[in-house]
Amino acid sequence: MTTNGADPLGRFSALTREWFTTAFAAPTPAQADAWSAISEGNNTLVIAPTGSGKTLAAFLWAIDRLADPAREPSQGTQVLYVSPLKALAVDVERNLRTPLTGITRVAERHGLPAPSITVGVRSGDTPPNQRRAMIANPPDVLITTPESLFLMLTSAARETLTSVRTVIVDEVHAVAATKRGAHLALSLERLDQLLDTPAQRIGLSATVRPPEEVARFLSGQAPTTIVCPPAAKTFDLSVQVPVPDMANLDNNSIWPDVEERIVDLVEAHNSSIVFANSRRLAERLTSRLNEIHAERSGIELPAGPNPEVGGGAPAHLMGSGQANGAPPLLARAHHGSVSKEQRAQVEDDLKSGRLRAVVATSSLELGIDMGAVDLVIQVEAPPSVASGLQRVGRAGHQVGEISQGVLFPKHRTDLIGCAVTVQRMQTGDIETLRVPANPLDVLAQHTVAVAALEPVDADAWFDAVRRSAPFATLPRSAFEATLDLLSGKYPSTEFAELRPRLVYDRDTGTLTARPGAQRLAVTSGGAIPDRGMFTVYLASETEKPSRVGELDEEMVYESRPGDVISLGATSWRITEITHDRVLVIPAPGQPARLPFWRGDSVGRPAELGAAVGAFTGELASLDRKAFDKRCQKMGFAGYATDNLHQLLREQREATGVVPSDTTFVVERFRDELGDWRVILHSPYGLRVHGPLALAVGRRLRERYGIDEKPTASDDGIIVRLPDSGDTPPGADLFVFDADEIEPIVTAEVGGSALFASRFRECAARALLLPRRHPGKRSPLWHQRQRAAQLLDIARKYPDFPIVLEAVRECLQDVYDVPALIELMHKIAQRRLRIVEVETATPSPFAASLLFGYVGAFMYEGDSPLAERRAAALALDTVLLSELLGRVELRELLDPAVVASTSAQLQHLTPERAARDAEGVADLLRLLGPLTEADIAQRCTADNIGAWLDGLHAAKRALPVTYAGQTWWAAVEDIGLLRDGIGVPVPVGVPAAFTESASDPLGDLIGRYARTRGPFTTEQTAARFGLGVRVASDVLSRMAVDGRLIRGEFAADLSGEQWCDAQVLKILRRRSLAALRAQVEPVSTDAYARFLPSWQHVGSTNTTGIDGLATVIEQLAGVPIPASAVESLVFPQRVRDYQPAMLDELLASGEVMWSGAGQIGNGDGWVAFHLADTAPLTLTHGAEIEFTDTHRVILETLGHGGAYFFRQLTDGTVEGTAGQELKQALWELIWAGWVTGDTFAPVRAVLSGPRRSGAPAHRQRQRPPRLSRYSVAHAQTRGTDPTVSGRWSALPAAEPDSTVRAHFQAELLLGRHGVLTKGAVGAEGVPGGFATLYKVLSTFEDAGRCQRGYFVESLGGAQFAVASTVDRLRSYLDNVDPERPEYHAVVLAATDPANPYGAALGWPTDSEAHRPGRKAGALVALVDGRLVWFLERGGRSLLSFGADADAQRAAAGALTDLVSAGRIPSLLVERINGVAVLDPDVDAERAVVQDALLGAGLSRTPRGLRLR
């Protein structure tokens, strides 16, 4: 090796130099500087942006050393590469092949010995046999993860690491500031203890600040060379808004426009990554992008699965390239819930060009090579500047390429976050990174691990621990306290249940493991916390609780019984919280908290918050020209600049000042219930606002006696205060002495939800909550329960190490208390001012803070109409307009409420009518002048004239003329009428009533507005004889004063309307009450009315062959008795049904039928299928006792095509009689193996064996031998209708259970409308409701359906499409308003339109035999209620206690079927188990008999008969 300081490659061997110069033009600056430091043996931190060759910079020197022919053979690993991501580890292993293969080829070209360098990967995905192989034959280069390194160091595998010379830590910035990083730091120190000489450490990092902190993390106390060449990375960033006004949207949502624009961008580029900040948003975006792309391309989206998602989702939502036959699609999803295999497939598809786009969360943020990505799209501001750089850096990943990124804000205030992120990305001004200090739980875990294999000297271990950066300042007292914890020296006997893991001999200072310590460390080790969900169940006193959904652990800790939460489309009130579940009851229409899933997100850092505030303050001070120029520099495109300018202008108009880094705003306003909302507007982020909210909560309790939990977010704090009549607090609520704030927060955090969840994680990390079964995760509920029990004890001992650690984690890692203290200092020093304002409605920034309450509107249409309207009315409409665009109240207000309220205000209701002269006087005083006709409408008597004469004589009411009419006016109004509209004062009016008012016309119009519902300018002008312009000016002035509201309120009025502010509140409150009644679950009777109609029963619109095809599509795959198909099921749905229609569909190949089991000798179960989707609705053929005849028939049909029965005799069994062959064929038909191209054979079987020659079930003789040649003589005699037509093999059922489950979920949603556990059970779906629940939950995430409590008594896990729920609720009243009489329908008991015995249980009040969904049985429903159940032929009838009118309606419907020939005859022999002829007739049976006799049945010796 030659050394040349001027040449970066001069230190490498000739082989390596030749390969590099052949493959690359020149080293990058990062590579050149790194090789200089690494070749000197220095610990080195290489900081460079994505695409600068960092990985090769770290590896090439080590590879060159390994390729040296003179090196001594080693029995262990020499290069250890540690990656925070398993996927990144695999990616690096793949990329290492290039230099290894290249150097080998160069050696071979020169005739030199080829270097033999082995590479291995060990992670959680590595099979045990490969792990054992690596222990036996360690690779030269081992690629692993922090967790796998820990396991190797705590097992015999550590011996393979004793020869390590180089450790490379990739993406070091991703772990340095976390406990996972602290865990890795101790692992590296433990590794050094195994080595003769500490290994050289090389860290690879994206841009970080400060570099010295990451270098300290990497090497601890050892010196480190920092390689950080000037960043040559160029970013092309833009912020785009696709609409001109984000506050006035055509679709009430910005998402449709954003989605269309994203598709434009993706289609204009070769390869794109779309980043979203949540998994649910990623799923929905993927769905919509594919749908839009398909619509543009004219592609029909098929149903298929998304196998990479747990439970899956339709292929057209997020399938890749060719997914189960689906056409090429635009995007697939990539996030933590996607399986590792499918994530790899998505990555490979994008790299290879088979996929145009991936929609991802942070799962693609780190350095995985995604190939030639040329565009990154970020939806809403990224979580941090560093995250933004990482994400956009995915585009133009190669050296020297430009990274192009487009950001789409989700609402107006998100524009500010996007702008500041872009600004700081351009300057590289990222957030400060801080290494955690002294995490005692990590220390405890490693202490058990290090002592597990051999005794350890405590002093030596303490020194090793302190060499790592996270523990550099660890006090000996904390170390000893941790050893006490692990060795069983507890502060109280209450901790006796904690099992000591070590023996600590304080005399010798030796730590020795107790039995099981090593197993505990390897089965429960690691720093990544187990975080999970609480299951939510519907509480029931009588039934087993049914599942509703899931909630985030921290949200549960923040909730209490009585709180109302939102899950799916329904609000639920919490009744109980246990260790593993949350019990709820429906709270229809109540304002609810939306669930959150925080995970590891801790909010905006304080320094980024200061930048946001400074930016906002700066922009607010600029004139428009300077403003535009400033925005242009930040890449604002489209309508982004106008929207941001409008937002800041409106905020300044609302509060007088825009919140900034030096100005906080405390805004107060009343909500819809009259309570106060007090909002602190501050940009400093959740890490500052979270601890401040704790202190504010304490102040509310101590000073005001209010137990209210303020809500903190990145942009401020929201406090809700009940109206007590006093002035609500202002800035004083949020200002604390700088010296007292930390003790207050420290005291309060111990009782917070955050502390409870972090304590559990710390206790588990410290091995205090070991897994009961090695290799398996403990159920989280069990871990929570044990953690809660431990916390109950530990709270009493503040010095308990895990209590200290949980508090430290909350105060240092999650919260930023120092930044909060600094803010309090600034306030005290007047460097930060607080402005108090009181507003009538929320300011734009306040609207954004309250955004969580209306988040559901962002995907409008996801929820049923009543839920959307109720939620909207529960909010301030100005808030809705600010966030979502103009929302007209006419879309929300109930027209019936508007009409009834207007009638009340106008005294047009009976209870408000005038009953005497005094009542008339009150009318005139309250409503103003009225004509005599007006008064007559408002009186209960006819002697109005006498009453008016009396009032006139007493000079209490006077006739006046204006607007072309004569009016009666109260004498008190004469002055107003004179001064307001020029009415002359009648003679004799006392002077006291003619005094002038300050605003006479305003008073007149104000009263007019207060006494009616919405009205127009024209109506006002006509009422008072004014010009329209004059009326408009007065109304506008009153609106400015807040007395009137301008908008569109009533559907029967056109154009601009007005409404008194207080009247509008009444209308909203009453409409909300009405809507909440609608939001309540419908009764089971309503569902039973809905389902037949949903399935077209009784429809007059379903006709002809197309109508029949529609019906079959809905009923696809469901078994129905053949006897009911053409007598009841099809004719009741298709108005003009004829058997020829079905035969035509079968003959054309559009539809096919299959058998699903024989019923006796003359009936069987059949199902119908659309040919295109038949494999998804067919079941696998049933197992029968196959004979040679069966096999030959199947073999013949298996060749393809269709065969007449006569043709089937060829190749069958020699000597087989026609009857025997027919018998075998029908057995295959009923078993679901064979089908025909006509339904005629089934009809023939139904008509009976004597006429059709259909096979009877009998014992078969042993079949004769199989013949290999044609046996043409085996023929049937004549033409047998039971085997007419052509026969073919049914296509194979789709073997993939996931594919079937997804299609089945879609199919059952379409069949049942509201899908419940009972409905799925009745269908006999493989895997039952549990299987479909996973699929339906994924549909919900993708916006394909809603989960809610739509039908009472059917459990909380009900799924439906929003529009279906709207239709269901139209059956709330006694259904059909055009058919007020009883509506009866008789169905086959097996008909899918019969909800009883499926979604609904059978009534239990019958003392006779139990009803069931049996072939031949009938049910009679009257307005959805089950009235009768009749066994086949009607011989036994069960009645369920309906009134006489309902019984008569049922009897009429039943006899109509007999008359129409749908059922052949009717003979009722028993009613409720008692013979009809029994003379002892009770009241109920008498009602039934009367109904039947009245419908035309006659008494016979056997019973009641109708022919």
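Glycine is no exception: its Cβ is also placed from the backbone N, Cα and C atoms.
Annotated region 'Lhr-Core' per Swiss-Prot: 1-856, in sequence order, evidence recorded as a curator's inference. Sequence annotations record features per position, and here Swiss-Prot assigns ATP binding site to PHE24, GLN31, LYS54, THR55, ASP170, GLU171, ILE377, ARG394, HIS397 based on a curator's inference. Here Swiss-Prot flags 35-226 as domain 'Helicase ATP-binding'. Taken from Swiss-Prot, the feature ssDNA binding site covers ARG122, ARG131, THR145, SER148, MET152, SER253, TRP255, ARG279, LYS410, 518-519, ILE528, TRP597, ASP600, ARG777, and the record attributes it to experimental evidence. The feature motif 'DEAH box' is assigned by Swiss-Prot to 170-173. What Swiss-Prot lists as domain 'Helicase C-terminal' is 257-451. Per Swiss-Prot, the feature site 'Forms salt bridge clamp with E-550' maps to ARG280; the stated evidence is experimental evidence. Feature annotation from Swiss-Prot assigns region 'WH domain' to 436-529; the stated evidence is a curator's inference. Taken from Swiss-Prot, the feature site 'Wedges between bases of the loading strand' applies to ILE528. Sequence annotations record features per position, and here Swiss-Prot assigns region 'Domain 4' to 530-856 based on experimental evidence. According to Swiss-Prot, the feature site 'Forms salt bridge clamp with R-280' maps to GLU550, an assignment based on experimental evidence. Marked as region 'CTD' by Swiss-Prot: 857-1507.
Mapped onto this structure are the features recorded in Swiss-Prot.
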{"residue": "PHE24", "record": "ATP binding site", "Cβ contacts under 8 Å, 6 or more apart": "none"}
{"residue": "LYS54", "record": "ATP binding site", "Cβ contacts under 8 Å, 6 or more apart": "ALA30, ALA34, VAL46, ALA48, LEU204"}
{"residue": "MET152", "record": "ssDNA binding site", "Cβ contacts under 8 Å, 6 or more apart": "ARG122, THR144, ARG158, THR160, LEU161"}
{"residue": "ILE528", "record": "site 'Wedges between bases of the loading strand'", "Cβ contacts under 8 Å, 6 or more apart": "GLU147, ARG180"}
Cβ contacts under 8 Å made by the motif 'DEAH box' (170-173) with residues that lie 6+ beyond its boundaries: 45, 55, 58, 81-85, 88, 92, 181, 203-206, 208, 214, 217-218, 366-367, 386, 433
Secondary structure composition of the region 'WH domain' (436-529) [DSSP: H/G/I, E/B, coil]: 49 helix, 10 strand, 35 coil
Neighbour tally for ARG519 (ssDNA binding site), based on other Cβ positions within 10 Å of its Cβ: 13
For the recorded positions ARG280, LYS410, the one whose C-beta sees the most other C-beta atoms within 10 angstroms: LYS410
Residue counts (helix, strand, coil, in that order) that DSSP gives for the motif 'DEAH box' (170-173): 1 helix, 0 strand, 3 coil
Neighbour count (Cβ, 10 Å) for THR145 (ssDNA binding site): 24
Candidate recorded positions ASP170, ARG280, GLU550, pick with smallest Cα gap to LYS410 (ssDNA binding site): ARG280
Cα separation, THR145 (ssDNA binding site) to ILE377 (ATP binding site) (Å, whole number): 29
Length of the line joining the Cα atoms of TRP255 (ssDNA binding site) and ARG280 (site 'Forms salt bridge clamp with E-550'), in Å: 14
Among ASP170, ARG280, GLU550, which are recorded as recorded positions, the nearest neighbour of ARG519 (ssDNA binding site) by Cα: ASP170
Integer mean pLDDT for the domain 'Helicase C-terminal' (257-451): 79
Lowest local Cβ density among ASP170, GLU550, which the record lists as recorded positions, within 10 Å: GLU550
Binding-site residues compared (ARG122, TRP255) - the one with the fewest other Cβ atoms within 10 Å: TRP255
Candidate nearest ARG280 (site 'Forms salt bridge clamp with E-550') in space, where candidates are the recorded positions THR145, ASP170, GLU550 and distance is Cα-Cα: GLU550
Between GLU550 (site 'Forms salt bridge clamp with R-280') and THR145 (ssDNA binding site): CA-CA distance (Å): 31
Between ASP170 (ATP binding site) and GLU550 (site 'Forms salt bridge clamp with R-280'), the C-alpha gap once rounded to whole angstrom: 36
Three-state secondary structure, which DSSP defines for PHE24 (ATP binding site): coil
